[in-house]
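The signal peptide annotation in Swiss-Prot covers 1-21. Annotation comment: Swiss-Prot describes C27-C75, C41-C90, C44-C128, C52-C106, C56-C108, C111-C118 as disulfide bond, evidence class similarity to another entry. Per Swiss-Prot, the feature N-linked glycosylation site maps to N31; the stated evidence is sequence analysis.
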Amino acid sequence: MVCLFLGASSFIWSLAPAAAAFQLPRCQLLNQTISLEKRGCSGCHRVETTICSGYCATKDPNYKTSYNKAIQHVCTYGDLYYKTFEFPECVPGVDPVVTYPVALSCRCGGCAMATSDCTFESLQPDFCMNDIPFYH
């Protein structure tokens, strides 16, 4: 049994150089176009911002206990500030101003659902709901 485990282990380590050659980009700042929309305001406006994107090393133990909880790290904001955008045409009574984040630094950590999209696969950042045809 031990020999089988060591054999499998050495087989996996022999694949390590091939995996390292793939070179996933580490968690870093990335310039990105995002879309801004607001109910009561016309159009979809694309703006440039800086987001966090990339790979974070993580571990998932084979033998799980209450002492070794697996925490999956994601690339998330370190420091950020918010910019404002004013929509040119909004119906009366609607505040035309929206804010969006601009990343100043990135880090690998737990996903904060209050500030990040923690889903497996989400909409692209420049996606506009206004671009979807509406059928009656």
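Backbone N, Cα and C atoms are what each Cβ position is placed from, and that goes for glycine too.
Distribution of Swiss-Prot features across the structure.
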{"residue": "C27", "record": "disulfide bond", "Cβ within 10 Å": "20"}
{"residue": "N31", "record": "N-linked glycosylation site", "Cβ within 10 Å": "8"}
{"residue": "C41", "record": "disulfide bond", "Cβ within 10 Å": "20"}
{"residue": "C52", "record": "disulfide bond", "Cβ within 10 Å": "24"}
{"residue": "C56", "record": "disulfide bond", "Cβ within 10 Å": "17"}
{"residue": "C75", "record": "disulfide bond", "Cβ within 10 Å": "22"}
{"residue": "C106", "record": "disulfide bond", "Cβ within 10 Å": "23"}
{"residue": "C108", "record": "disulfide bond", "Cβ within 10 Å": "17"}
{"residue": "C111", "record": "disulfide bond", "Cβ within 10 Å": "16"}
{"residue": "C128", "record": "disulfide bond", "Cβ within 10 Å": "15"}
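Put simply, of the disulfide-bonded residues C27, C56, C75, C90, C111, the one whose Cα is nearest the Cα of C44 (disulfide bond) is C90.
Between the CA atoms of C128 (disulfide bond) and C108 (disulfide bond) there is a gap of 29 Å. In sequence order, C27, C75 are the recorded positions from C27, N31, C41, C75, C90 with a C-alpha within 10 Å of the C-alpha of C106 (disulfide bond). Nearest neighbour of C108 (disulfide bond) by Cα distance, taken over the disulfide-bonded residues C41, C75, C90: C75.
Neighbours of C52 (disulfide bond) among the recorded positions N31, C75, C111, defined as a Cα within 10 Å of its Cα, are N31, C75. Around C90 (disulfide bond), the C-beta neighbours below 8 angstroms that are at least 6 residues distant in the chain are K38, G40, C41, S42, P96. In this structure, the C-alpha atom of C27 (disulfide bond) lies 13 angstrom from that of C111 (disulfide bond). Reduced to three states, the DSSP call for C111 (disulfide bond) is coil. Between the CA atoms of N31 (N-linked glycosylation site) and C56 (disulfide bond) there is a gap of 19 Å, rounded to the nearest whole number. For C44 (disulfide bond), other Cβ atoms within 10 Å of its Cβ number 15. C27 (disulfide bond) falls within neither a helix nor a strand when secondary structure is assigned with DSSP, and so counts as coil.
Secondary structure from DSSP puts C56 (disulfide bond) in coil. C56 (disulfide bond) and C111 (disulfide bond) are 12 Å apart (CA-CA, integer value).
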